[in-house]
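Working notes, beginning with the structure itself.
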Amino acid sequence: MSAGGDFGNPLRKFKLVFLGEQSVAKTSLITRFRYDSFDNTYQAIIGIDFLSKTMYLEDGTIGLRLWDTAGQERLRSLIPRYIRDSAAAVVVYDITNVNSFQQTTKWIDDVRTEGGSDVIITLVGNKTDLADKRQVSIEEGERKAKGLNVTFIETRAKAGYNVKQLFRRVAAALPGMESTQDGSREDMSDIKLEKPQEQTVSEGGCSCYSPMSSSTLPQKPPYSFIDCSVNIGLNLFPSLITFCNSSLLPVSWR
């Protein structure tokens, strides 16, 4: 691991947006990567959720900002603004749901319309643990990815299969990280902060956490942006800036 990535240079930060239909397990993929855990009781996201993770690679250290989006049709109008300024997009489908696979074409088109041609796109077939219910073959996924000029991988968030491999591939393709190979040594450790005290959120307000007071974000998602928008500075000594003004939120979120 490059020492310069830790002390000599500012931490490179990249925005990754996760897209796909409802119930394809986008949140499960992010949670498996971020916490190495799986929860069968996730609720559908209403709007946008945000998590961050620091990856320590052989060629340096990078900060990933992971944006988890809602798949419901009624919330589709919120998504384009979060595609913008993304370095990479992960478009997920459920291998047991052929409609979710067919809809990936539209999601990829949205990425290229809103983010431009430089956004790195990965097509992900998730839930390979349900092989007996498979409706989309590996070959179909590979063929579609090739036709749309994106990368492809199948994953199983429930058991963690190929999840780290997915993020390694994305990291290797990010600007300035092209020399990072899939087989390079990697430490997925996170910046360690003390576990926060449990806090409650009252209606119309928000609960704010600051690493400066030995607290961090709760260890279990989702973190909703409906009540409170959080921007985390991913530096060696992270800081937290919290904006709790509901007037800044879109009308449809209030």
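In case you wondered, yes, glycine gets a Cβ from its N, Cα and C as well.
The GTP binding site feature in Swiss-Prot is assigned to 23-28, 39-40, Y42, G71, 126-127, D129, 157-158; the stated evidence is similarity to another entry. For the recorded site, D39 (GTP binding site), the DSSP three-state label reads coil.
The annotation Mg(2+) binding site is assigned in Swiss-Prot to T27, D68 on the grounds of similarity to another entry. Reduced to three states, the DSSP call for D68 (Mg(2+) binding site) is strand.
Residues annotated as motif 'Switch 1' in Swiss-Prot, with similarity to another entry given as evidence: 32-50.
On the 0 to 100 pLDDT scale, the motif 'Switch 2' (69-88) averages 82 in the predicted structure. Residues or ranges marked as motif 'Switch 2' in Swiss-Prot: 69-88.
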Candidate with the highest Cβ count within 10 Å, taken from the binding-site residues S23, T27, N126: N126
Neighbour count (Cβ, 10 Å) for K158 (GTP binding site): 18
Cα-Cα distance linking D68 (Mg(2+) binding site) and D39 (GTP binding site), given in Å to the nearest integer: 16
D129 (GTP binding site), number of other Cβ atoms within 10 Å: 15
Least buried by Cβ count (within 10 Å) of the binding-site residues D39, D68: D39
